[in-house]
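Lifted from TrEMBL, the feature list:
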type	residues	note
DOMAIN	1-386	domain 'Major facilitator superfamily (MFS) profile'
TRANSMEM	12-33	transmembrane segment
TRANSMEM	77-93	transmembrane segment
TRANSMEM	99-120	transmembrane segment
TRANSMEM	132-157	transmembrane segment
TRANSMEM	163-186	transmembrane segment
TRANSMEM	207-233	transmembrane segment
TRANSMEM	245-263	transmembrane segment
TRANSMEM	299-322	transmembrane segment
TRANSMEM	334-358	transmembrane segment
TRANSMEM	364-382	transmembrane segment
Amino acid sequence: MLHLSFLSRQDLSLIILLFLTELTRSAFFLTFWPLYTVHFLNASVAGAGLVVSAHYFTETVFKTAVGCQLDRHGKPVLLAGLLLSLLALLGLFQQHATWLAVFWAGLFGLGFAPIWLAVVSRVAPIGHPDRAARMGAVFSAWLLGAGAGPVSINFVLTAGFRTAFQLLIGIWVICLVVGILVPLPAQGAGKQLSLADQLRKLAADPMVVKILLPGMFLQTMAASLLLPILPVYATGVLGLSSRQYGLLLTAGGAATVLFLIPMGKLADRWPLKKLLTAGFLLSALFLSLLTRAHSFPALMLLAVLVGFSYAAVLPAWNSLLARAIPPEQQATGWGIFTTLEGLGIAVGPVLGGAIFGWLHPTGAIFLSAFILAGMGLFYLYYPFDRTLSNQE
């Protein structure tokens, strides 16, 4: 049972907002839009992919600038984003041309950019004694929304595409109402660094250059290496049915969500070095064992263990990132870091698909495990505790 007594009503409202927006976004772009494009608009799969890419690309590109404005102005930026996303959904509902859909999807990405930044900077502020546990709650809401959206929308689609579309628009209206009701003050109005100054400050920080930048890129690349190959590997190599593959994903995701808050509380009390080392090494071990497992029960167990290991890494890793973010400019700092992480996500699928097709089906899995093991050994032997102490 997850205990959320450490969160205020305002915090819970923001977490619900994150859950609902991610539920709607993931349902729309990962399941609804590809099906809607092909079966309702009679357009191509390539066109659907272009629309989805436009949304996520725009969100990533504008996150840093939006975070800067969120620090300066607070709630109006969040409300503007929610309203812009609602207008984009309405535009997508009315359009029939791919180029217009790309425009509206990009606008949706711009509107979505402040949501995660607003929630994380308010619910898990820098310096809070329970920050890692709070970060676990934020990631639990995000993962629940991202996982439940693409699955649940399939049940609504039985009522028809337009009904499902209208339901998603209705949920977004609820999100806008929640955003109106939740207070979100601006941060540090008295002493704001410009975006260029903050980038220079981060570039001069040895912890950022030696520890965070390589880790951000490699961690997200290791995970995204698996995105294009896992479904094909599970069904084509392991011989699993689509239902069994779905159960594997559900088991791994559920384990991550279940353990995020407990691991966050542990990260508030244990040295980050221990959790990062253990989390990365265990992730590498369990991931590599997936290539040796052939029975479905063994695969389910390993999926749960991979999810558990990932839950150990996330809160500790984000606590480490928080050390480099100025308290008065949290949204800007998180915007910069999530943009950099997006580069790893962009590279991983291309590399994973190439390895799967040209070398060996298990190649991408072993490369991902190798990267994670390397990160675990780095955090085990590199004296970053000394670097961290110099930050304080």
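Heads up, the Cβ atoms here are built off N, Cα and C, so glycines get one too.
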- Item | Annotated stretches the transmembrane segment (245-263) and the transmembrane segment (334-358) touching (3 or more Cβ pairs under 8 Å) | no
- Item | Confidence summary (mean pLDDT) of the domain 'Major facilitator superfamily (MFS) profile' (1-386) | 84
